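Colleague: First, the structure itself, so that you have it in front of you.
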Amino acid sequence: MKTAGTLPEEPETTESETVGKALTRDPLRGTADKESAKGGEGGTLNVFSHGMLVLWAVMVVMPLLWAVMTSFKDDRSIFTSPWSPPTSLNFDNWSRAWSQAHMSEYFFNTLLVVGGSLVGTMLLGSMVAYVLARFDFPGNRFFYFLFIGGMSFPIILALVPLFYVMSNTGLLNTRHGLILAYIAYSLPFTTFFLTSFFRSLPTSVAEAALIDGASHTRTFFQVMLPMAKPGLISVGIFNFLGQWNQYMLPTVLNTDPDQRVLTQGLVELAASQGYKGDWSGLFAGLVMAMLPVLAAYIIFQRQVVAGLTAGALK
Amino acid sequence: MEHGKYRFIVGFLIVPLTIYTVFVIWPFVQSIYYSFTDWTGLSPDFEMVGFDNYIKLFSDDVFWKSLQHSLLFLLLLPLVTISLALFFAFMINVGGRRRKNSAVSGVRGSSFYKIVYFFPQVLSIAIVALLFRFAYNPRSGSLNAALDAVGLSALKTAWLGNPETALWAVMAVMVWCTVGFFVVLFSAAMTSIPRDYYEAALLDGADRITTFFRITLPLLWDTVQSGWIYMGILALGAEAFAVVQIMTTGPGGPAYATTVLPLYVYLKAFRDGQAAYATTIGVALLVVTLAFAAVVLKLGRRERLEY
């Protein structure tokens, strides 16, 4: 494609006409015409690049399709022909997983824990961020770095003593204990993200509210929080997915079988059902846990992507 | 304005700060303290033993193995994932050359690719790890069945049971589930690069490879750098823990072929009842993490390009 920059060769026109034409239209149309006419180097590269794109798409989708397919098969055909489509749709795999394999309980536990911790994280995180972003007081910088410092250290290191702190305070294996831990470990990023967000909001509205006699608390809840909605949604999605998918915290802090959340429940299920040989039930459970998040992602695709990437870009 | 300011600040900070201190800061400080004791975690009694745990670390083969694997994760995973993601993102955003009358645009189907590639990112790492544990299964897994189908039966192996392949099989899963995220991240950064740059480059006769290395990559450098750190933290932290703990038997694989530092901390603390020694391994993990971030930031320091 070294020739891509030269002006398009159009034999019927004089040189000056060609230049004139090339200048009045999008210069790249010219190169594109030529490229397609020539094929050659660009063509090979295109085939390769498109091939890679398609290949990766297949590699992403295949395991998921395979799981869905397997969840409808009976145990024997899972072993004898892993790739063939199910001969009949065994919906009882799903109902078995939902009721007997405790998937319903795991869902319920996860909903409670994530619901509680998400509300807590958003409320407390935005309170901290607002104070740190908008008020000048001694220690402001110190608290800021204290909070965001938590983003860079390995969580597993703190989990060892935390396990014993929680066991001494009776918080081990409780839902509220897990909620508090989720909130604590979500605060660094939430604070970090929202602090810069609150700093970027205009000050005049909040000042006007204060002059009108609103208290600081009222200004925060009635003026600033509504203004911060886009930021709250981004970081909310980020926290929701993180907490819904959390595995390490519950594995360490939540070992009571009755309190299990979805991710650890599935892993336990894989261990126990594996012995029983109920592979189809296991796959049904796996797909059950997978589909709601995937469906939500496809529906709210734009917001999810914006939320997650805003998180990492900051 | 000043009325009740400090009361307000204290009121807003007290609850979050308490939760954060009790559950994050305090355990973190404690763990460094415990690394100098002989605490088992099973009984409340312990004594200070100075640097004994750190000395023990030097002669612990499993620790060195874990460290080696974690370092391999740290170097290889970001390299592979980010390279793949940069390639895909470039194709999706700049690769197309004859569409929509515009100088640069994505290839056909680029929005479809962006959506599909992101799938694994919204799934829990635990679910992904389970899924691949079945896919790698030597007897009924889809991978060996697929190899059979295309006539490569000779390549079949017990992917996670074979010490030669187990670590690579685990790493492949981590690449599989993070590439899509970086594709979208880099795509977002690429769309903010002014189109004129590309147009000018194309007029000057730059091909796609030159365009990528001379325009896209330099302008994307900040994003690549923060992506590199993000991926490194995943490779050292919770993600690596989940993948190895769920996928490999033992856990930690045949002959510790797949242990990584976070998993080894977990095993020592909650399986072997050596809480103090576990925190020592954790401190080593902390040192590696901080050193990694420092190196990336140091190497990545370049003149910032304004546009």
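Count begins at 1; order follows the chain as displayed.
Placed from the backbone N, Cα and C atoms, the Cβ positions cover glycine too.
Below are the features listed in TrEMBL for this protein:
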COMPBIAS  A:23-38  compositional bias 'Basic and acidic residues'
DOMAIN    A:107-300  domain 'ABC transmembrane type-1'
REGION    A:1-40  region 'Disordered'
TRANSMEM  A:47-68  transmembrane segment
TRANSMEM  A:106-130  transmembrane segment
TRANSMEM  A:142-165  transmembrane segment
TRANSMEM  A:177-198  transmembrane segment
TRANSMEM  A:279-300  transmembrane segment
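Any idea what these are sitting next to in the structure?
Modeller: Distant neighbours of the transmembrane segment (A:47-68): 82-83, 283, 286-287, 290, 294; these residues of the same chain sit at least 6 beyond its ends, with a Cβ under 8 Å from one of its Cβ atoms.
Under 8 Å from some Cβ of the transmembrane segment (A:106-130) lie the Cβ atoms of residues 143, 147, 175-176, 178-180, 182-183, 186-187, 190-191, 193-195, 197-198, 220, 224-225, 228, 232, 235-236, 239-240, 243-244, 259-263, 265-266, 289, all in the same chain and six or more residues away from its ends.
If one looks beyond the transmembrane segment (A:142-165) by at least 6 residues along the same chain, the residues whose Cβ comes under 8 Å of a Cβ in the stretch are 128, 132, 171-172, 181, 185, 187-189, 191-192, 195, 248-249, 252-253.
Proximity of distant same-chain residues to the transmembrane segment (A:177-198), defined by a Cβ-Cβ separation under 8 Å and at least 6 residues beyond the stretch ends, is recorded for 113-114, 116-117, 120-122, 124-126, 128-130, 132-134, 144, 147-151, 155, 162, 166, 171, 224, 228, 231-232, 234-235, 238-239, 242-243, 246, 249-250, 253-254, 259, 261, 310-311, 314.
Within the chain, the transmembrane segment (A:279-300) has long-range Cβ neighbours (under 8 A, six or more residues past its boundaries) at 64, 67-68, 70-75, 78-79, 90, 93-94, 96-98, 100-101, 103, 106, 237, 241, 244-245, 262-263, 266, 269-270, 273.
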